[in-house]
Amino acid sequence: MSQLKEGICLPAFWFNREQCCWTSNETTFLQRDRCPQWHSWGQLVMRTDEGAGSYICNYILYVLWAVFLALVAVLLVKMFAPYACGSGIPEIKTILSGFIIRGYLGKWTLLIKTVTLVLAVSSGLSLGKEGPLVHVACCCGNIFSYLFPKYRTNEAKKREVLSAASAAGVSVAFGAPIGGVLFSLEEVSYYFPMKTLWRSFFAALVAAFVLRALNPFGSSHLVLFYVQYRRPWHLPELLPFVALGVFGGLWGAAFIKFNIAWCRRRKFSRLGRFPVIEVLVVALVTAVLSYPNPYTRKSSSSLIAELLRDCNPLQQASPLCGLSPPSSPYPSPSSSPSPSPSGFADNVTSWTTPVTATTAAPPDLDSQNASLWLLGLALVFKVVITVFTFGMKVPSGLFIPSMAVGAVAGRLLGIGVQRMAWSHGAALGIDGWCSPGTSCVTPGLYAMVGATACLAGVTRMTVSLVVIVFELTGGLEYIVPLMAAIMTSKWVGDAFGREGIYEAHIRLNGYPFLEAKEEVTHTTLAAHAMHPRPGEPPLTLLTQEDMTVGEVRQLVRDSTCNGFPVVASRESHRLIGFALRRDLTLALENASERAEGLDDSSLVLLGPPRAGTARASVTSEPLSCPLHAARPLKLRSIVDDAPLAVSDRTPMDTVVDMFRKLGLRQCLVTRNGRLLGIITKKDVLRHMAQLANEDPKSIMFN
C-alpha cells in the first residue's frame, strides 16, 4: 500500500510496483523503470506520464492518498483502541517490570493496531513498523496465555510469555531472531532468567521460520536489507566511522530533547485534545514536502535499501554513484533483475569475490552533485519531521526513521571520503591500500554504519543492536565498524543524558518504572524514603481482631492503596502481615453473598490462626460469645503473614536492588518488629529524583 500513492498495478491492484513488474519482459537498464503493467495516476488520468499536467496530477493524488490513509488510521485508533497508538515499547517495558495496564494487550488493541499500522506506514509518515510489531506480538502472547490456566492466573508466568513474544516481534520485524532475543534481554525485559532465555530463543526461531516460509520479500532472503560489498574496510576508515558515531550520539540526544519537549506540549496543552487534526496536518506537510524530492518520496525502507546499495558498473545506474548506464543490455548474471529502483533484488551485489579496489571511470560529478543536494535536503527534512511525528495518535515506530537519518548522513560522508581517496589518496597517506584512480571506498558501508549509529544514539542499545544490524544486512565482516560507531554514539549520547527515547517517554507518561541500569550512589536509609513522614497523615492500617466488617468496607472504599498492613493493635503496631486490596474486596463480597448472620457489626479476624486449627478460609463460624453477638468473619487466609520488610536503617541502594531484582510493588519498614511505614515503587522514584536535585513533585504517575 505504500506505493498506492504513486500508482496502481492494473492486472493485480494489491501488488506493489516491484511485484507488478516481476513478469515484465523489459530487461535493459533504461527500460526496467517502465514496465507496462504499472501505471502512475498521471498516466491513468492524463493518458501520459510526461509533462507538467501529469506531474501535477501525480502530486495531488500522492498528497490525497497520504492524507486519506493517515485519517483512517487516526480515526480507528481514536474510536476503537486508544492504546493502539505510539510505539508500545515503553508500555511493554513497564508491564514487564511488574505493573498492569488493563486493556493494553487486549483483542481490540491487537486488531486495530494491526490494521492502522499498515495504514500509517503506507501514508508516508516518518515512522516505522518495528516497535509496534513488538506490541502486536505481545498482544498475541497475552491473548494466547489466557487459553492455559497455568499462565492465565499467574502474572509472573505471563510475563515470561511476554518476554518471549518481544523477541518474536523483533525477529519478524527485522528477520533477526538472535537479535530479537538479545533485544528482549537488553532493552525490554525486567527479569530474564535462563528458562526465559531459551523460551525466547524458541519463539524467535519459530517466528523466523514462519517468516521465511511466507517469503514476504519474494527474494528467498530472511533479512530486509541484504548487502554484499566487494571491498573490505580498512583501518584508516575507522576515523570516519567514529565520526558517524559522534553524529549519531548528537542526533539521538537532540531528538530525545526536542521530541520530549514537543510531546510534553502536546500532552499538557490544547493540542492534545485534537489528535485527528494534528495527524492530518503532519501528514499533509509530510506529503507536500516529500513528493518533489525523489529520496523522500519513497518509503523509508526503500530509501535505506538504496543508500546501502554498493556502486557497481554492471548494475543499473544510480545518481548517487555518478555512473553512466553500461553499454551491455543485460543485467549481471548473478543478480535478479528488478523493475523498481527500490526493489529488494537491487540490494544484492552481483559480485561475490571481495577485492581491495576496482578501476572504474571517474564519477559524473554533475549528476552526483545534484543527488547530494537532494540527499542533504532529505536529511534536514527527515531530522525535523521525525521529531513531530513520533508520539502521535497512530502506531509509530522509531527504528526505521532513525536508520534513515543515519543512512543519509553516512552515504553523504561515504561519497565525500570516496572522492578524497580518488583524487587525493597520496596526500592523505592512503595510497598504500588505495591507488589513485581506483574505487576503494564503499559508500554503502558508511550508510550502514551511520544508520546503526543514529539508532544507537536514540535507543542507547549496544549488543543487541550490533547483532540486529548484521542479521538485518548480512554484513557479518563489518561488526568492528558497527561496534566502534555504536559505542561512540552511546558515549556521546550519555554525555547529554543517560535516558534513551523509551525511558524518556516512560517518564513523560508517568509510568512507575524503576530503571534497572540506573545506579544509586547516595548513602541514604530506608527511613528517608518511606511514608508517612513527619507531618503526613498516619498510615492506613488493618488491626488483627479489633475491626468490624463495616469499618473494613469503609476503609477500602475511602482508600486508594493497593494493600494494607495488618498489625496486632493500633497501640503496639506489631506487624502481623499484609492484605491486598483486591483480595480483601473479593473476600468481603463473597462473605456477604454466602454467610448468614453477617452484618456490619461483625468482627473481622485477620490474625494468625489459633494453634491446632486447620487452614482458615472465608467462612463464618460461631465463637464462644453471647448468642446476641454478630458472627465474626475469618479472613486469615488472605493475609500474607510473611511480607517483605526491611529495617529503617537499611541502606537505600539495598532497597532499590530489592525492588529491581524481586519486582516489588511495596516494602514494609519496621524496627524491632514494630511497623514504621511503607515504601512503594513510587516512593523510590520520588526519592531518587530528589537526590538528583529534581523536584519530587514533578514526578507524575499515570
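For all residues, glycine too, the Cβ spot is worked out from N, Cα and C.
Curation plays no part in TrEMBL annotations; they are all automatic predictions.
TrEMBL assigns the feature transmembrane segment to one of the listed ranges (133-149, 439-455), namely 133-149.
In terms of C-beta pairs under 8 Å, the stretch of 59-84, 161-185, 238-262, 372-392, 398-417 lying closest in packing to the transmembrane segment (133-149) is 161-185. Panel annotation: around the transmembrane segment (59-84), residues 1, 4-6, 41-42, 45, 91, 101, 103-104, 106, 108-109, 111-113, 115-116, 119-120, 122-125, 275-276, 279-280, 282-284, 286-288, 291, 297, 392-395 of the same chain, lying at least six beyond its termini, place a Cβ under 8 Å from a Cβ of the stretch. Per-stretch counts of Cβ pairs under 8 Å to the transmembrane segment (238-262) identify 398-417 as the leading one among 161-185, 372-392, 398-417. Sequence-distant contacts of the transmembrane segment (161-185) (same chain, six or more residues past either end, CB-CB distance under 8 Å): 92, 95-96, 105, 129-130, 133-138, 140-142, 144-145, 151, 192, 196-197, 199-208, 211, 221-224, 399, 461, 463-465, 467-469, 471-472.
Note on the transmembrane segment (372-392): residues 74, 85-87, 125-127, 251, 255, 258-259, 262-263, 266, 275, 278-279, 282, 285-286, 289-290, 293-296, 303, 320, 398, 401-402, 404-405, 408-409, 411-412, 415, 501, 505 of its chain, located 6 or more positions outside it, place their CB under 8 angstroms from a CB of the stretch.
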